[in-house]
Amino acid sequence: SSLFQSLIELFVNRLDSVESVLPYEYDAFDFCQDTEEKRPSENLGQVLFGERIASSPYKFTFKKQETCKKVCTRSYDPGNSADKSKLAFLKKGMQLNYQHHWIIDNMPVTWCYDVEDGQKYCNPGFPIGCFVTPDGRVKDACVINSEFNKKNTFYLFNHVDITIMYHSGKDENWPGARLVMARLRPQSYKHTDENNLSCEGPPMEIPGDFNSKLNLIYTYSVTFEEKNNIKWASRWDYILESMPHTNIQWFSIMNSLVIVLFLSGMVAMIILRTLHKDIARYNQIDSSEDAQEEFGWKLVHGDVFRPPRKGMLLSVFLGQGTQIFIMTFITLFLACLGFLSPANRGALMTCAVVLWVLLGTPAGYVSARMYKTFRGEKWKTNVLLTALLCPGIVFADFFIMNLILWVKGSSAAIPFGTLVAILAMWFGISVPLTFVGAYFGFKEKPIEHPVRTNQIPRQIPEQSFFTKPLPGIIMGGILPFGCIFIQLFFILNSIWSHQMYYMFGFLFLVFIILLITCSEATVLLCYFHLCAEDYHWWWRSFLTSSFTAVYLFIYAVHYFFSKLQITGTASTILYFGYTMIMVLIFFLFTGTIGFFACFWFVSKIYSVVKVD
């Protein structure tokens, strides 16, 4: 309030770049440091995403204007090897366009500027500086100032003009004020006189060749504005509204709905017309001759529920897929209700990890029940593989990525204590819960099939090209991928281009559409294969919808080469390492949807025909 003027603290987060996958802590660069460094406690999601929030030397008093206030001076001597390496790292940061992320009152400090069509874009980050290449090419933020034009020169943003806006409570019967917006504009000034700072004049140039002593003076100005038209509850809106993608999202939904309607029509036609006719014909036993003239999918009734090859692996995949499916559904549902908004930092990742750990029981139950249905006998191996196989692959990949981050000194490297905590949750909670689920799964009777299985397997006739397994599997993943690829673009943007993702309503809708599309595409292809008298549907139903993950990987490769400007071997390895984790999770998730849709369909159609 005006009577008791609070101290406003500015916190700094990690610095990141669209040209590198390696984020760094604020103090990795030689910026001004807080004398009494405080770190707010971070949740698991923040640590896993590499957020490293720390206090900064930028501190303001509410309603107290400051002009060109000095924060600190950094001096560099070309004869000092430590100074040379610090300055080289700072230059590398400017060359790769690393961005600051500052926070006031748990709200990003934004840099707002005009983009095409007169729109204003508010970026929750701003660059360290910029670089003009030796051939005179102006890179990144150097375009904002015509004075940034000297070849092979770095321009450091060593001054920020900060505007803090507040909603006053004097007209609303509550004392004080609430901060509703914080904006800044990065500037570059060559301060010549440390004792007489004016914050005007030529920009702060750092030559490409470091030959003479260099002093970098960091300053700031702060002003306060009353903004009573912005409510505290809606203070994030201006950031979210500046992201001009809502129309594309609606186009994505309409595109997905057209695919769903097309598939639904196909499935309805099969069920209402073809199946209805088939069942009526199969159930009419007018004479012994007709009874022998079986054809199509009824011919394979004695083999359709024959246990699949590699039933152990399939049951393990189904258990893990069920765990991921339930985790995804609950996480997206909570996000839709607003519990996991961007303001609640790290909540989305924390929620997903905790849910995955707690959902070991359904994974164990589904895996055990399906394995028993497949007449498997190595129940101990089944339980261990369900608990350890897929999480083990993810953890091994994650650990290798973490080693690379650790070697590179990145803030995204997970601390040893957090790795131990993750292992403790996996082996201390998830694995025992998987054992509990498996215990109940093995206690249950195997799932009863509507028809008996013959002793001797039926020979499968020669298949046409389209009814062979591989073409069907490849075709099966196209339509589900068509429903998600636009949404996938925004998700990849939020991960790799550091854009804020908040459209969980759209994402939940796409999740439901994906669920329907995977189910219908798999059922459709399963029916065609059964009509071709090919009864090996168990694995095919899983792989048909899970092939969507292969298209996801192909799209991720396309995104890497066409949308990102990532340079460096380490960043490339990290990108594809994390992409493989995403692909594996999506493979299990979509495969499980397709399998259970097909399992329900096959059980249903064979339960309504009369079999001798």
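Any Cβ shown, glycine's included, is placed from N, Cα and C.
Automated prediction, rather than curation, is the source of TrEMBL annotations.
Record features, source TrEMBL:
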TRANSMEM  250-272  transmembrane segment
TRANSMEM  316-340  transmembrane segment
TRANSMEM  346-371  transmembrane segment
TRANSMEM  383-407  transmembrane segment
TRANSMEM  419-442  transmembrane segment
TRANSMEM  473-496  transmembrane segment
TRANSMEM  502-530  transmembrane segment
TRANSMEM  542-561  transmembrane segment
TRANSMEM  573-602  transmembrane segment
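Through the fold, the transmembrane segment (346-371) approaches residues 42-49, 51, 311-312, 314-316, 318-320, 322-324, 326-328, 330-331, 334-335, 339-340, 379, 382-383, 386-387, 422, 425-426, 429-442, 444, 446-447 of its own chain, all at least 6 residues removed from its boundaries and within a Cβ separation under 8 Å. Here the listed stretches are 250-272, 316-340, 383-407, 419-442, 473-496, and the one with the most C-beta pairs under 8 angstroms to the transmembrane segment (502-530) is 250-272. Just going by CB pairs under 8 A, the stretch in 316-340, 383-407, 419-442, 542-561, 573-602 that sits most against the transmembrane segment (473-496) is 542-561.
Residues of the same chain lying 6 or more positions beyond the ends of the transmembrane segment (419-442) and with a Cβ under 8 Å from any Cβ of it are 44, 319, 353, 356-369, 371-372, 379, 382-383, 386-388, 391, 395, 399, 402. Through the fold, the transmembrane segment (573-602) approaches residues 21-22, 304-305, 314, 317-318, 320-322, 324-325, 328, 390, 393-394, 397-398, 400-401, 404-405, 476-477, 480, 495-496, 514-515, 518-523, 526-527, 530, 537-538, 541-546, 548-550, 552-553, 556, 560, 564, 566 of its own chain, all at least 6 residues removed from its boundaries and within a Cβ separation under 8 Å. Long-range neighbours of the transmembrane segment (542-561) within the same chain, counting only residues 6 or more positions beyond its ends whose Cβ lies under 8 Å from a Cβ of the stretch, are 314, 317-318, 472-474, 476-478, 480-481, 484-485, 488-489, 492, 496, 518-519, 521-522, 525-526, 572, 575-576, 579-580, 582-584, 586-588, 590-595, 597.
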